[in-house]
Amino acid sequence: MIKEILEKTGALMEGHFILSSGKHSSRYVQCARLFEFPEYGDIVGEELAKLLRKYDVETVVGPAMGGVILSYVVARYLKARSLFAERENGVMKLRRGFFVRPGEKAAVVEDVVTTGGSVKEVIELLKEYGANVVCVGSIIDRSGGKVDFGVPFESLLKLDLPVYDPEDCPLCKQGIPAEKPGSRGLK
């Protein structure tokens with residue numbers, strides 16, 4: 001069902017992409033396209049909330065941009081608070097009056113996990129506040145099982161999409177221009 005939603009909304013894209021991690025791929029999942037349609041965002045959020053419910057989450061935190069809407073929808077179904085972390089001078093921060101209490105059970109959610117870098121930054125940020133990060137959830141896991149957050153990781157769909165280091169990218173070698181659809185590094 002999730003893959004069909006991604007295809008129907010145009011969220012599953014083909015081309016030459018530079019991922020937030022700096023790696024390259026011929027496929028990209030732009031979950032912002034999925035969230036253009038609230039009915040599909042609700043389905044995805046509810047399904048992820050079902051997977052995370054067993055962790056008794058009090059607060060759901062998503063990294064900007066990919067986790068902002070997702071954290072809100074998942075939190076609504078878990079009857080939890082929703083926050084997002086955003087970069088300030090390249091460092092993840094809780095801003096806009098957001099806070100977590102020491103010991104508060106938090107879930108970190110992200111639309112797509114490839115290397116897990118943004119999620120790991122948010123986990124470290126929450127630990128600095130004394131939060132108890134109990135799980136991570138994502139719509140798409142494209143990590144190939146290579147990421148370890150130190151807590152349970154739940155995803156709605158595992159996609160084995162090609163990922164290349166820039167120097168090994170066959171699309172670069174063919175001279176195909178790359179686009180960077182993610183949000184990291186945008187001003």
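Cβ atoms here come from the backbone N, Cα and C positions, even for glycine.
Residues or ranges marked as 5-phospho-alpha-D-ribose 1-diphosphate binding site in Swiss-Prot: Glu110, Asp111, Val112, Val113, Thr114, Thr115, Gly116, Gly117, Ser118. Neighbour list (Glu110 (5-phospho-alpha-D-ribose 1-diphosphate binding site), Cβ cut-off 8 Å, at least 6 residues apart, same chain): Gly62, Pro63, Gly66, Gly67, Leu70, Ser118, Val119, Val136, Gly137, Ser138.
The Cβ of Thr114 (5-phospho-alpha-D-ribose 1-diphosphate binding site) lies under 8 Å from the Cβ of Leu19, Ser20, Ser21, Lys23, Arg142, Ser143, Val163, each of these being in the same chain and 6 or more residues away along the sequence. Among the features that Swiss-Prot reports, orotate binding site is placed at Thr114, Arg142.
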Only counting partners 6 or more residues apart, tell me which same-chain residues put their Cβ under 8 Å from the Cβ of Gly116 (5-phospho-alpha-D-ribose 1-diphosphate binding site). Ser143, Val147, Phe149
Determine the Cβ neighbour count for Ser118 (5-phospho-alpha-D-ribose 1-diphosphate binding site): the number of other Cβ atoms within 10 Å of its Cβ. 27
If the 5-phospho-alpha-D-ribose 1-diphosphate site is taken as the center of the Cβ atoms of Glu110, Asp111, Val112, Val113, Thr114, Thr115, Gly116, Gly117, Ser118, which further residues of that chain fall within 8 Å of it by their Cβ? Ser20, Ser21, Gly66, Val119, Ser138, Ser143, Val147
